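Participant: Residues or ranges marked as signal peptide in TrEMBL: A:1-25. The repeat 'TPR' annotation in TrEMBL covers A:71-104, A:105-138, A:139-172. Among the features that TrEMBL reports, region 'Disordered' is placed at A:201-247, A:263-285. As annotated by TrEMBL, compositional bias 'Low complexity' applies to A:201-210, A:263-278. Annotation comment: TrEMBL describes A:215-224 as compositional bias 'Pro residues'.
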Amino acid sequence: MNFPLLAFRGVALALALTGALPASASQYETIDYYVQQMIALASANEEAGVLIFREQIENLPRPEPGDARQASPFSQHGQERLAGGQLKEALAAFRQAFIADPADPEIAGALGLTYLRLRRFKEAERLLVYALSLAPTRSASWLALGQVYGQQGDVRRATGAFVNALRFAQDQPQATEQLRQLATADPADAVRIGALQALRATKPAPATKPVPLTDSPPPQPAVPVQPGGDSRHVSEIQTTPSTTTTRDLLGSLKQGLALLAKPADPATAEPTASPAADNGNPGQRIYRRGMPLTCLIVTFQDGKTANLGSGLLVSKDGLVITNNHVIDKAENLAVRCGDRESVARIRKRSKEPDLALLATKLKSKESFILNQTYSQDLIGLDVFVIGNPYGLESTFSTGVISGLREIDGVRYIQISAPISPGNSGGPVILRDGTVIGVATMGLKVGQNLNFAIAAADVIASPIFAPKQMQVRSVSAP
Amino acid sequence: MNDACRMPALLLAAWIIAMPAALAQDSERNRYFVQQMIEMAATNNEQGVAGMQRMLEQNPRPAAPDQAAARAAFQHGLALFGQDALDAALEAFQQASRDDPGNADAANYAGLVYRKMGRFPEAEAALQQALALEPTRAVAWFQLAQVYGLTNDADRALGALANTYRFAQNQMRAEEILRNIAENEAADILRNAALETLRLFHLPAEAVIVPPLPANPDGIVPMNSAPIPTRAP
């Protein structure tokens with residue numbers, strides 16, 4: 001192909017397109033238009049056109065600079081959280097940084113990347129496009145934007161964004177390696193295809209020093225390392241000629257995908273205990289295991305938050321026990337158990353004992369086991385309470401079983417562990433991790449005179465679901 | 001006193017009597033236009049909002065008896081506000097408004113102080129005054145939205161937030177602020193209004209399942225949240 005002719009065509013096309021933006025376009029529509037043109041021209045390898053639109057973006061009015069000093073600690077905090085995989089915390093930090101200084105392309109890009117990791121692709125796209133309007137040659141933003149498009153199945157735009165990531169990379173080998181990683185290891189087909197096409201479309205960067213005139217091999221996808229895996233299919237992908245159609249490529253890549261490890265599903269993954277979880281402190285062990293199974297319950301009335309309480313996850317298919325008085329008069333319900341949230345509906349309820357069973361969408365490999373023991377042997381055993389008193393989530397307290405009481409025909413475990421409004425419906429746990437009661441009420445007079453409906457009465461109540469819930473007797477202290 | 005002398009005096013007296021009524025009428029008229037801007041914004045009636053905005057912008061700018069004194073009072077108010085001396089700051093901002101009734105900054109800050117004091121009707125009035133003077137002031141719209149949110153007026157909170165976004169200098173920043181409120185604000189009305197505003201403008205938004213809990217429920221200060229001073233061994 002004649003390069004000067006190609007370049008001329010790209011310039012002419014770009015010049016024609018620069019005036020095509022409607023006058024009434026919003027701020028975002030304007031910058032998105034230019035960024036999309038850069039993508040389209042990049043995927044068509046129209047380098048001159050890309051540069052024209054880059055110039056157009058650079059000529060746009062800059063947003064007012066914000067307060068960089070205020071933004072900096074938030075940004076740093078966000079980077080730490082992002083590196084540690086704490087995405088929600090990273091989002092909160094980068095948001096604060098962005099609000100403090102919306103003119104910093106690094107912050108806007110980091111916020112976009114965080115949205116990408118959270119799989120909130122629409123938000124990610126907007127933030128990354130915006131970041132590129134601030135710095136159209138920022139390779140990291142192009143790389144992340146390519147992933148956003150790839151995750152949504154848009155190969156063409158993924159390819160264009162990846163081409164620009166390579167084009168503008170200051171460290172070409174690093175950018176090439178990042179794309180190779182995406183081309184081989186990303187679970188999304190369109191990301192892998194886009195990355196591979198970008199690697200093939202982009203020539204190696206011109207060297208600044210003279211190099212020997214030998215044919216350097218084109219960038220190839222790295223072979224995924226998988227113990228016991230068969231790399232022959234991957235070799236086939238590597239030897240696919242560059243003229244392969246997208247459909248062929250997709251088929252080949254799907255074969256390669258079969259060799260790649262499936263990423264763990266956080267919803268069903270086994271919880272991994274930290275080293276500290278195995279130390280000798282039973283409280284820490286119980287908290288770490290029990291906290292993800294203890295739920296915050298929020299009720300709504302007339303579209304507003306009406307009440308909050310606690311609950312316990314008692315089955316692998318998302319059944320949650322709480323007190324009836326927590327969900328009384330609720331029109332809608334939401335629960336959060338650990339990091340996971342779900343809407344809930346009332347499956348069963350009983351006034352005496354004061355219990356309710358909620359159905360949620362929270363599938364879990366673990367759930368609390370109810371302890372059916374109700375005898376004087378319990379008195380003096382240590383108990384641990386997790387709940388949300390006054391909305392202070394996952395509050396942990398300890399005490400002992402002080403007595404056994406029967407009030408209005410309902411058997412209660414009297415405990416000395418402190419509980420407050422918001423603890424209602426939460427688990428009272430023994431050292432072996434089983435639930436001996438459901439925290440329900442306390443005496444306003446006196447000190448630490450609190451009561452939990454005995455698990456034995458939960459088992460005897462109409463809310464008990466024997467096929468889904470697990471039961472055990474007390475283990476020797 | 002002859003008739004020639006009496007005439008100007010009578011006119012002056014008539015003007016003095018009529019002035020509060022006229023000012024009150026202006027105030028009511030401006031309030032009407034601001035409320036119309038809110039109503040129309042809530043239904044994304046862009047032309048309607050622009051029309052009411054033009055009506056407000058056609059108002060003659062009030063005469064400033066002493067602009068220099070107004071500036072000084074405003075700066076003094078800012079310093080007091082920075083020290084959290086709300087009563088004194090409010091007095092300074094009011095003085096700035098008296099010295100220059102066209103000072104939108106002073107009215108806006110007076111509204112902010114009233115809001116912080118929980119004096120919502122006065123906050124609303126002051127912010128409407130600021131918006132009558134400068135109907136594209138996004139910050140004042142945002143303050144007003146918070147006032148409506150805190151007084152459980154969902155429709156007007158939505159309208160005021162919509163105008164916040166519409167008039168924001170940096171709409172991407174405003175969008176992110178709205179998203180932050182929609183996901184993290186404990187006050188239901190304001191949180192829902194932010195979510196509705198994002199939807200109104202077809203911006204990506206994620207409704208929360210479990211709403212955020214108040215940061216300080218019932219005035220509780222979690223003791224264990226305070227940093228614990230440590231000493232090197």
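The backbone N, Cα and C atoms fix where each Cβ goes, and this holds for glycine too.
What you see is a predicted model, and the numbers here were worked out from it, not measured in a lab.
Just tell me what is around each of these and how deep it sits.
Facilitator: Summarising model confidence by region, the repeat 'TPR' (A:71-104) averages a pLDDT of 96.
Cβ atoms under 8 Å from those of the repeat 'TPR' (A:105-138) belong to residues 28, 31-32, 34-35, 38, 53-54, 57-58, 60, 62-63, 71, 75, 78-79, 82, 87-88, 90-91, 94-95, 97-98, 144-145, 147-149, 151-152, 168 of the same chain, restricted to positions at least 6 beyond its ends.
Residue counts of the repeat 'TPR' (A:139-172) by helix, strand and coil are 27 helix, 0 strand, 7 coil (DSSP-based).
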Participant: For the repeat 'TPR' (A:71-104), what does DSSP give as the number of helix, strand and coil residues?
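Facilitator: Output for the repeat 'TPR' (A:71-104) reads 27 helix, 0 strand, 7 coil.
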